[in-house]
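Accompanying notes for the structure given below.
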C-alpha cells in the first residue's frame, strides 16, 4: 500500500494539533497541491493534463482561498509551479521509496548468501502443515495449493478480526497486540539472527555482551517505532524488522508454497484494497468516519511528520500473540491495513481552516512524504530472497527480480499519481518479479551460462 | 535496465526454443545456434533501445507541455546518457557477476586447457561493453532525434561487430584490441555528437571565470547544447 502525505514543519504552524490532523488527512497525491490555492482553479486551466480526479480534498482547502486569489494569471502561474512541484516531488518520492526497499533486499540477500541457517530446512510453520516431500509432482502441487489456501485464510481471518476490533473501538487491545508483536520481532528474532551470524563467522560472544547488545537494540527499537525518535533511526528499525520477518518467511515456507503464496497474496491485496466490501476498505472507511489516523507506525514513512507532529503518542498498536507466528501474521496484516487506512482517510478531509496564499511558500519547505506498508517490504524481500536462495547459485536471477520489483514499484507510484487514491503496492511488483524469476531461471540462465563458457558477450 | 532485461528474455526464449527443436548432440549446430542467438539478442537490444527512445520522447513532450517555460527539466541528451548507462550497467552486470562470484571460490583458472587470463580479460571486456553501451545510447538517441538513419545503422553494425569479435576469444589479440579501438572511436563520436569540442575541453580544464567581454561568445558556444 502506497500513500502520499503532506507533512508540514510543525514549528512553523501555529498549532501542532492542526498540523498533525492536516498531515494525517492529507490526500495521497493531491498532497502536492495540498493547501495550494490555485489547485482548484487549475481545473479550468489548459495545463490541466493529468489532474483528473483532483476535485476532492484539495478543494476543501482551496475553496476558502479562491475568494482571495481572484487573479487567473496568478492561478495559472501557481498551477504550473504546482505541476512542476508535483513532478519533482514525484520523482523524489520514487527515489525515497527505492532506497529503503533496496536496503531491505540487500540485507536479506546478503544474509541468505552467507548464513546457511536461513536456507536449511528445519520444519515448517503451523500455517503450512502440508509437507512438500512427496514423490509425485501432482501431490506436491496439491500440497502447496492447500498450504496457500490455509495461509491466505489465516490472513483474511486476522484482517477481519482487526477490522472488527477497530470498529468496536478496542484500541487498547490492538495497541497491546502490536506492542507484543514488535517486542517479539525486536528481541527474539534478533537474538536468533545474531546467533546465526556469529556462528557463521565463528565469532565468540559471551552472554553478558549479548544481553547488553540485544537489550539496547530492542529497547531503542521499541521507543523509536512506537513513540518518538529520529526519523532515520525509525526508518532503519522498520527496515530491519521487515528484513527479519522476510528471513523467517524464507526459512519456514516450503519452496513451491512460497511462490504460490506470493501470487495469492498479491491477488488478495488487489481485492482487499479495491473491492468495496474488502476488509481493508471497510477499515479505511471506518477510519474516515471517525476522522483519525490509524496505526501509522506500521508503515514506513519517509517524512518528518510522523515523529514530530503526531498528536497521539503511540501510533502503533500491535496485538498480543499467543503463538510465535501469530504475531508475525498479525504484524504483517497490520502493515497493510494501516497504510490503506491512512491513505483513504486522507482523501475525505473534514473542513480545514483555510490557509492564506502565503502558505504556498511555507509548503515549499515542507517535507512531503511517501508511505509504504511494511508488508510490502516483507513480500518484496521474500521474493528476492527466495530467488537468491533457490536459483542454483545464480546472481542473474536475483538481479532480474530486483529490477522487476523496482520497476513495478515505479509503475505503482505512477498509477498513484494518476488515480490519487490508495493503491495496493504488491500486485504489479510481485507479478513482474514472479515472471522474471521463472523466465530468468529457466530461459536466460542456460543462455547466459553457455555464452559465458565461450566468453561471448552480447 | 528493465527494457534490456526484457530484450534479453525474448532473445533467450528464441534461443531456448531453437535449441530444443534442434539436435542436441551436434556441437557445430549448437555453436551455430549460439551465434544466431547472440545476433538475435543484439538486434533485440537495439530494438528495445529504440522503443525506450520512443517512450522517453513521449515523456519529454509531456514534461515540456506542463512545465513553466515549455521545456522539460531533463534534456533529451541527459536521458540518452542515462539510458545508455543503464543498458551498459545491466548488460555488464549480467555478463560478469557470476564470474565474479566464482572467482572468490577455490579453483584454478584454465586447468582444462582454457586461457588462464579468463578473469582479467572478462573484466576488460565488460568495461568496454559498459562504455560502449553508454556511447551507443548517446549516439542512438541523437540519431533518432535528427533522423540520421545511417547513424542508427552504424550503431547497430558496430554492436554486431563487437559481439562478433568476442567470438574470437580466447585469441585475445584479435578480439580485445579491436574492441578497445572501437570503444575509443565510439567514445569520440559520442563526445562530438553530444556537442563537445576541443574548445569545451580547454574551457573545462582551465576553469576560468568568463569576463563580460566574452559573454556573447560564451552564449554562442552554448547554443548547440540547448537544442
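Glycine residues also receive a Cβ, built from the backbone N, Cα and C atoms like all the rest.
Please treat TrEMBL annotations as automatic predictions, because they have not gone through curation.
TrEMBL lists A:340-351 with the feature compositional bias 'Polar residues'. Positions annotated as region 'Disordered' by TrEMBL: A:1-77, A:316-358. The transmembrane segment annotation in TrEMBL covers A:94-112, A:145-166, A:173-195, A:207-227, A:234-250, A:256-275, A:399-419, A:425-444.
The transmembrane segment (A:399-419) and the transmembrane segment (A:94-112) are in contact, since at least 3 Cβ pairs between them lie under 8 Å (pairs 6 or more apart in sequence). Listed as Cβ neighbours of the transmembrane segment (A:425-444) (distance under 8 Å, sequence separation of 6 or more from its ends, same chain) are residues 1-2, 259, 262-263, 265-267, 269-270, 372-373, 375-376, 379-380, 383-384, 386-387, 391-392, 394, 396-397, 400-401, 403-409, 411-412, 415. Residues 2, 118-119, 193, 197, 235, 238-240, 242-243, 246-247, 250, 300, 302, 369-370, 372, 377, 380-382, 384-385, 388-389, 398, 402, 405-406, 409-410, 413 of the same chain lie 6+ residues outside the transmembrane segment (A:94-112) yet bring a C-beta within less than 8 angstroms of a C-beta in it.
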